[in-house]
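Visitor: The structure's right below; bear with me while I get my questions together.
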């Protein structure tokens with residue numbers, strides 16, 4: 001018995017260690033090292049790092065460019081929540097409860113853009129919305145209206161960049177939310193039909209509360225993943241411009257680290273991002289109880 | 001009345017289908033047009049003077065086979081790495097009992113959504129220190145750091161009766177044998193669909209290649225495409241669209257074959 005117990009222990013370690021080693025080397029140690037770097041002034045190359053204490057952090061909140069980027073990040077979050085969470089949620093409710101035919105076809109078709117690279121998405125939108133040679137500008141010219149050059153306006157650029165990620169993740173989030181709706185017990189829904197409760201009322205009073213947990217999961221996903229997804233079109237189309245107007249905290253971290261070589265500033269921004277991530281993770285685990293524990 | 005309303009919803013849903021798919025349709029169609037036609041008849045789905053010239057131009061300007069191979073090789077390493085590590089770890093979580101299991105699982109799974117900016121600087125330094133910049137393993141390693149597979153495999157293992165595995169264990173059959181002869185054959189559809197998702201994601205990956213691959217001969221398709229998009233305008237769109245069309249064939253083909261399994265696995269990733 002004892003020997004099989006120690007053999008089991010050995011096997012457990014052997015089976016878990018490939019994942020554990022990769023996570024340790026490429027995730028846990030990097031997180032700690034980023035924290036360490038955030039207290040130094042460094043340029044990624046020089047052999048010496050200067051300890052500067054909390055200076056990198058204070059500069060985040062005093063520097064006007066950093067403040068602009070943080071503000072943009074909040075605008076991005078709000079827009080992404082509307083485009084990538086509320087709209088797919090609304091559509092998934094319609095497909096689940098308000099139509100009978102073609103449910104599966106919509107699922108299959110909506111998912112298709114999720115298969116494609118965001119670089120393809122960025123290219124397509126820069127064509128569609130091209131103020132000179134794009135189809136939207138072409139159609140608008142017929143009505144005598146000119147499409148403004150949206151890369152010159154930070155507000156329009158942010159909207160366009162969000163739309164690109166929306167094109168990609170709409171179907172993915174739709175599938176997740178639709179699955180969540182599918183796990184609501186059918187007898188509850190049938191009961192409301194017998195009592196002839198209007199369907200929108202059934203959705204509001206029964207479906208939305210029951211589907212809270214998966215909806216919250218997609219909401220967190222929308223924020224954390226959405227901001228990372230938007231990195232690609234920013235990098236391909238605007239590079240954060242005009243004058244940091246379409247940059248967000250992710251792109252600004254990258255810019256500081258690999259373009260401006262301000263490793264300390266980049267690390268401090270990354271640590272702030274990580275703290276926000278931890279808060280969201282905590283909320284998710286509290287809200288979505290049980291999701292994390294399916295190994296039992 | 002109800003029929004009428006359902007029709008209204010279908011119009012909305014079909015419009016969404018159009019918005020999502022038309023850009024791709026126009027992309028493919030314009031990739032077969034000359035630069036002039038792509039401007040003067042941009043909304044013409046069937047090209048007036050169909051031409052392969054964009055594809056042949058691409059073939060002259062960049063080493064397409066090399067790009068496809070680089071992308072494939074990277075995605076294959078990531079996919080295999082994630083499948084193997086994920087299967088073993090999921091097996092341990094499902095069928096072994098050990099101290100702190102719940103906590104270890106929690107830590108593993110929490111890493112899934114850690115933003116890449118938090119780890120990109122140290123990972124870049126490590127990859128450059130071990131001389132893997134501009135190589136497929138160098139760009140694959142940070143991508144393997146993803147515990148999604150564990151979550152998806154655990155979910156898939158739910159459909160294998162636990163009593164079956166327990167009785168095999170009592171009969172003295174080793175875990176390796178159970179994994180090789182029972183679990184993997186039963187989970188084959190899940191392994192294929194999870195592998196397909198991993199492969200497609202890595203095929204499209206942009207962030208790590210941008211950081212790790214600086215040498216043009218090591219580029220993957222998304223990086224090559226980026227070079228055809230000019231932020232100052234003046235992009236040759238038919239050319240960029242031809243390269244994009246080449247890029248989307250692989251994921252589209254995988255989806256056509258495994259569509260049902262892929263959608264199932266995606267659904268599982270969000271379920272508790």
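Glycine too: its Cβ is placed from the backbone N, Cα and C atoms.
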Visitor: When TrEMBL marks a stretch as transmembrane segment, which of A:48-73, A:74-99 is it?
Guide: A:74-99
Visitor: For the feature transmembrane segment as recorded in TrEMBL, pick the matching range from A:149-167, A:168-186.
Guide: A:149-167
Visitor: Given the ranges A:189-213, A:214-238, which one is assigned the annotation transmembrane segment in TrEMBL?
Guide: A:214-238
Visitor: Quickly jot the same-chain residues contacting the transmembrane segment (A:149-167) by Cβ under 8 Å, restricted to those at least six beyond its ends, or write none.
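Guide: Hits for the transmembrane segment (A:149-167): 72, 75-76, 79-80, 83-84, 87, 113, 118, 121-122, 124-125, 129, 131, 226, 229-230, 233-234, 237-238, 241-243, 245-246.
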Visitor: Near the transmembrane segment (A:214-238), which same-chain residues lie under 8 Å Cβ to Cβ, leaving out any that are not at least 6 residues past its ends?
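Guide: Those are 73, 76-77, 80-81, 84-85, 88-89, 118-119, 121-123, 125-126, 151, 157, 160-162, 164-165, 168-169, 173, 176-177, 179-180, 183, 208, 246-251, 254, 277, 280-281, 283-284, 287-288, 291, in sequence order.
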Visitor: Given a Cβ distance threshold of under 8 angstroms, which distant residues of the chain, six or more beyond its ends, lie next to the transmembrane segment (A:12-36)?
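Guide: Answer is 267, 270-271, 274.
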